[in-house]
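According to TrEMBL, the active site annotation covers B:Asp356. What TrEMBL lists as Zn(2+) binding site is B:Cys206, B:Cys209, B:Cys228, B:Cys231. Under the heading domain 'Mur ligase central', TrEMBL lists B:54-191.
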Amino acid sequence: MATYSLHLAHLYGDLLNTYGDVGNILALRYYANLMDADLTTKVISIEQSFDPDQFDLAFFGGGQDYEQMIVSKDIQTKKDGIVKFINDDKPMLAICGGYQLLGHYYIGADGEKIQGIGALDHYTLSQDHHRFIGDITIKNEQTGETYHGFENHNGKTYTGKSEQPLGVVVDGHGNNGEDHQEGAIYKQTYCSYFHGPILTRNGELAKRMLLKALHNKYPDADLSAQEALEIKPTF
Amino acid sequence: MSVRSTLATAAGKSSYWFLHTFLHGGSSLPGKITTAIDPNILKAFGKKYDVVIITGTNGKTLTTALSVRVLKQKYDNVLTNPTGSNMEQGIVTTFITAQKSKRGKTLAILEVDEANVVKVTKYITPIAFVFTNLFRDQMDRYGEIYTTYDKILAGVKLAPEATIIANGDEQIFNSRELPNPIIYYGFNHQLAGDIKAPANTDGLLCPKCNHILHFGFITYANLGDYFCPHCGFRRPTLNYQVNKLTELTPTSSTFEIDHHEYKVMIGGMYNIYNALAAYALGRFLDVSQDQIQTAFEADKKVFGRQEVINVDGKQVTLILVKNPVGLNQVLDMILTDNDPFSFVGLLNANYADGIDTSWIWDGNFEKLKEHAIPAFMTGGERYKDITFRLKVAGIDDPITEPDLAKVVDKLKTLPTKKVYILATYTAVLQLRKQLAEQGYIKEGMEA
């Protein structure tokens, strides 16, 4: 038994699970174990309620167009809970469709406008029969960390003033191919188009999320050993 | 045939002869030459053949191969296309290079890529379609299962009288109203309970009411005895069913279809589906159960997308993996081996492999940890990705060898007699080249 335990909500994990996104949860569990913490997960799907107080972390992946449309309707009923979770400074990772649905809206495959929950201040347009596909490298200017991934998206996302990019594009396309930004950070919510998955290639980000979750849940604990964990390159 | 068709066929044929004689290959160019001279060439061929089209994500090749064997029990001549020639031009080449039949119509069993079904049915009206399954391939979202099925149906719409022989355990094949007669095959080998699929499974929405499907049982991925507790949508009555799994090993499968026992020399639940599909087609075309048994058991050699190679006394099984569902099926299959074995994972990320390696995270490598596997090895251009995947699955420090040229030597140092190598497409080609150079196999890629 580990000293600490963390509970993760896997938002719509049975519907949104493309491109190995589940690897992010496997990576979180792997690094959590190195930090003397157990990580348990629960899928929160359509017609299930989301209680933000039950969870320390959340993951929200991407899916096929059809499943995302179904989720866009259901997620309106979970909006208050998700907004509270974010405002409580709890770490969340949102990839691709999850990223888009946290924002105001995105444009679907047939040109229709699909509502997000507007928890974050971005919106997403579509490209006409074109996708950004390929390896991508970005650099976070605050931390100096470089992140590696694989992007595969039709959406072009434009972030709002309250959001910071996850990184500046070094190589690849990023959010929209125009402003050289990739992803978004708002409070402890990290958004990205990276598959690959992002946390298996960029353990620093997994560590950052886990540390925050541990500090939230165990404010008086001595986490210096966890802080000192060295992340070995995997890519 | 019209003069134009005859001329077009002759031009295509001579180019095929040229390519094979002097350039050792080329199966789509003759088709291109022929269709350039006569764009309606397939129509001319269609009149001479009863055509069956086999399509779906996984299992096309093996279902086609087994179907040809089964139908040869009844027909003297069964035409088929070689693996990899499942697009329009390759199919034209198949017809122009076919031996002439002296008697009336012959049967053609064609493996057709999902997006190419309409390109064939534009000219040829098949007597039947066989649908294997629809899974997400790794590349991009245009390949999502709903759009892929639409592409297939665009071709089916041009042949509304052709019988569809579909996997009944695959809910998407029961999601649309179609005018065609439909025959369903599937599994009914265990008692039905009420379970949900694991979260990381594709295609779990009820096609009628968009609620999450439940299952009486699941065979693999999202295949099984599905039902919707919300609207009552459920699996259709099966016309042909596997009613018992008798023995599953990595190299053979013994099972009962309609209470008659069969054995095929290939492992893996997914391959039983392929045999069942071939059986259903055979029964539809009046091949008897005994004849099908003979056909299945005729070849004692293991076949399919795996190859057993003797490397200095080691029994090395090389298996191609290309998407998560296939990968998980292969992992399940090798774990049916009772003998100790070493596990090798070779990962490349060239175009033919899929340039995105993220799909390995959908593979359930955690299963390997539950078995006492004495040695692990990783290799290929993306050995770091596969090594970390194994590490997260609890398998520390496998032997790593990025250079495939050196993998063969490393194989010889593994502690077990049996070795399973799971490799992506270009890794298979590169490894086979090495094995051929060292004299363990003959050059060239088999089906």
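From the backbone N, Cα and C atoms, a Cβ is placed for every residue, glycine too.
Known features from TrEMBL, placed on the structure.
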| residue | record | DSSP (3 states) |
| --- | --- | --- |
| B:Cys206 | Zn(2+) binding site | coil |
| B:Cys228 | Zn(2+) binding site | coil |
| B:Asp356 | active site | coil |
Any further residue of that chain within 8 Å (Cβ to the Cβ centroid of B:Cys206, B:Cys209, B:Cys228, B:Cys231) of the recorded Zn(2+) site | B:Pro207, B:Lys208, B:Asn210, B:His211, B:Leu213, B:Pro229, B:His230, B:Gly232, B:Phe233
Proximity to chain A among recorded positions B:Cys209, B:Cys228, B:Asp356, where any Cβ pair is under 8 Å | B:Asp356
Among the binding-site residues listed here (B:Cys206, B:Cys209, B:Cys228, B:Cys231), which has the Cα closest to the Cα of B:Asp356 (active site)?
-> B:Cys206
Helix, strand and coil residue totals from DSSP for the domain 'Mur ligase central' (B:54-191) stand at 49 helix, 26 strand, 63 coil
If one looks at the chain holding B:Cys206 (Zn(2+) binding site), which residues at least 6 apart in sequence have a CB under 8 angstroms from its CB?
-> B:Gln171, B:Ile212, B:Leu213, B:Cys228, B:His230, B:Cys231, B:Phe233
Would you find the one among the binding-site residues B:Cys228, B:Cys231 whose Cβ has the most company, meaning other Cβ atoms within 10 Å?
-> B:Cys228
By a 10 Å Cβ neighbour count, the lowest-scoring of the recorded positions B:Cys209, B:Asp356 is B:Cys209
Arithmetic mean of per-residue pLDDT over the domain 'Mur ligase central' (B:54-191) = 89
